[in-house]
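In TrEMBL this protein carries:
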| type | residues | note |
| --- | --- | --- |
| DOMAIN | 1-52 | domain 'Fibronectin type-III' |
| DOMAIN | 56-143 | domain 'Ig-like' |
| DOMAIN | 235-328 | domain 'Fibronectin type-III' |
| DOMAIN | 332-418 | domain 'Ig-like' |
| DOMAIN | 430-516 | domain 'Ig-like' |
| DOMAIN | 525-619 | domain 'Fibronectin type-III' |
| DOMAIN | 625-719 | domain 'Fibronectin type-III' |
| DOMAIN | 775-813 | domain 'Fibronectin type-III' |
Amino acid sequence: MKASFANVLETEFVVTGLTEDQIYEFRIIARNSAGVSSQPSDSTGSITAKDEVDPPKIDLEAKYSQAVVVNAGETFRLEAAIAGKPVPTVHWQKEGQEIAEAARLELKNTDFTACLVVKEAIRVDGGQYTLLVKNVGGEKSVNINVKVLDRPGPPDGPISIYGVTSEKCSIAWKSPLQDGGSDVSHYIVEKRETSRLPLPEGGIFFFRVLAENEYGVGLPAKTIEPVKISEKPQPPGKVSVVDVTCSSVTLSWEKPEHDGGSRISYYEVELAPKDSETWSLCASGKALETVVTNLLKGEEYQFRVFAVNDKGKSDPRQLAQSVVAKDLVIEPSVRPQMSTYSVQVGYDLKIEVPVAGHPKPSITWTKDGAALKQTTRVNVTDSARHTTLTIKDAIREDGGMYISAFNEKGRSDPRSLAAPVTAKDVTMKPRFMLASNTYSVQNGDDLKIEIPVIGRPVPKVEWKKDGQALKETTRLNVSSALSSTKLCIKDASKEDSGKYTITATSSVGTAELEITVIILEKPGPPKGPVKIEEVSSNYVSLSWEPPEYTGGCQINNYIVEKRDTTTTAWQIVSATIARSTIKVTNLKTGIEYQFRVSAENRYGKSSSIVSSNVIAQYPFSEPAAPGTPIVSAATKENMVVEWNAPTNNGGSPVLGYHFERKEKNSLLWTKLNKLLIPDTRFKTSELEEGIEYEFRVYAENIAGLSPVSKVSVSTVARDPCDPPGNPETTLTRTILTVKDCIRVDGGHFYLKLVNVGGVKMVPVNVKVLDRPGSPDGPLEVKGVTAEKCYLHWNHPSHDGGASISHYIIEKRE
């Protein structure tokens, strides 16, 4: 019975539809273009339809013995030949995890090959890949190492900061876990200060470190916590003697000019006998004044003071002169720092006046010669070296006050104590005390901006946005105090970003300030439209404009997706595009696509803009068919065929032609050229004398093949006839007749003519058309399974005078 129901043109065939464990035999019959069938070939012998078991095998090329090295952005392919019965299953793994197809990962496995394609490689695509094949006979695996050359990853954290001072600090980090396939050449260290104003605690900084190799600068590793500059403080200010007795001394000093960035914990006081280098701790405390006791009467001492914070102890500040432990009497004195004190009516007044004298003088405040009476509004307080007058809500009548001080030595001169106070209206033009002109907050968080405002009288403050006065709502509130103005916005959103104008107005002038508010969030969509810059058969070039709204920070990358318009599923083309252009490759010719683009910053991904539909095709078409071929010259061995170029080249120059021929009585066309024919002329050889041949031609440009030309007029392969000779009076004819021709009757015959003029040999070729010989054996059977098997044979040694058109496969259970 027949095993094939279609013409088999090759010398291989897969017989399907077998029954498991059934025994079969196969044989082959050849049929030529004359329609004659050969005798059957020898049988294959008995074959049982049963799966053969052969453990999996992997044939890996030698190049994979070394690491596969690719540059970032390139596409790489890993492939190997596989074998096994039954056909093994293929598994690609990376670092122990099964690899599934994704936007950049494509599996192209067949029964005989395993292939993994990784598109636009990135750093994380490097590593060890494992090819694992399995069937019932076992499993086999091989490893392939891939190195992707790229910028390095971020340095391994955390970043350690130590040895921080106002001038320097030490930073330590670890090498990146991924060096991008190239050694790190150096590191880049950057810092960012959180405030431009000098802070009483010292500056606050953030640091980040970036690694660089020959392929570029990698992503940064950042400090998580801010770095606060802190070191030991500067020495205290001037040290003074407040009081001395025969057994004690009272010292005071001023604060250090800088505390080293860390709060002063306490002060230490040391003493040493005069002209001695041996110092000893005698007092400590947080106050700027201390009493040193247990001194020896009449002894002379020197003193020094240290400031201490959590970073250490400052250098000492020494008392300018030594002190003798004995009772002193010093005339009282009062030294107001100003001759006149002024305050605006309605505001509080505070006057602190230094007082000297020993023993400590008693102090009396007078006004216009009369003792000053203390009230709930007027209050006097005294300390060791100062007397302080405080008046709340000053009125005009509070002017003209005097101070008296006296001790056992006497009374101070009242005239030198005069400290007149004038209560009057003070004017000052409005102005803003601004730390920064830019304020930022993440979308959804509350925004609070407080700006100091000074001026006398107190100015009126107005806020505007985009030239319009701010309208207060339950979410937005503006409030002003005597010395500041505040804007509070709850749940800040994109609409709150922009330029704000603050105007402070009083009777003596106007001040205006512009600040910028940035709401940090995901960006707006890229600015469209998506432009189709170039279209070809397998790629499309796109471009777009950056978003008008960036979300308050830099755009990190763009994400481009594509979809076949016959589906609704989008596929990521690339998610790491830094520029606003891309060339989308590996498209299928003739398929209609749509693309969409979104922007991404550190806070998220924007909405997308979508392109118009575009078909992946050349901007030109295939050429028209060439002209009908014409045989311009013919012999028994070759023919010269010519044709005209297509009337329309499709918009692209014709690259060349394809040339086919066949015998007139055959159905099969044979392509004669291996390379494109650049001319409109071709010489074909290896003809058989007496056979009629037909020809046809295809044109090809970059878009593809043209339709086939019309078929040429059939032409017989024979030499052209000589012109007839002169007529003779006598004609002679000779005839050779062979009955019941068989294949061996074909061949070369010679007719020998002899007369008195000489001898003439005339060759005659005879071709006997017969059925072909049996396919040349043996008939081989390969890959037998329960359902199918593969057959292989050789062409017959004799084709019966006509080319083999097809084969017939028969099977017998």
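For all residues, glycine too, the Cβ spot is worked out from N, Cα and C.
These figures come from a predicted structure and were not determined experimentally.
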If you count every Cβ pair below 8 Å, which range out of 430-516, 625-719, 775-813 shares the most with the domain 'Ig-like' (56-143)?
775-813
PLDDT averaged over every residue in the domain 'Fibronectin type-III' (235-328):
87
What does the DSSP secondary structure composition of the domain 'Fibronectin type-III' (525-619) look like, as residue counts for helix, strand and coil?
0 helix, 50 strand, 45 coil
Long-range neighbours of the domain 'Fibronectin type-III' (775-813), counting only residues six or more past its ends (CB under 8 A):
1-4, 7-9, 11-34, 36-38, 40-44, 47-52, 85-86, 663, 665-668, 743, 746, 767-769
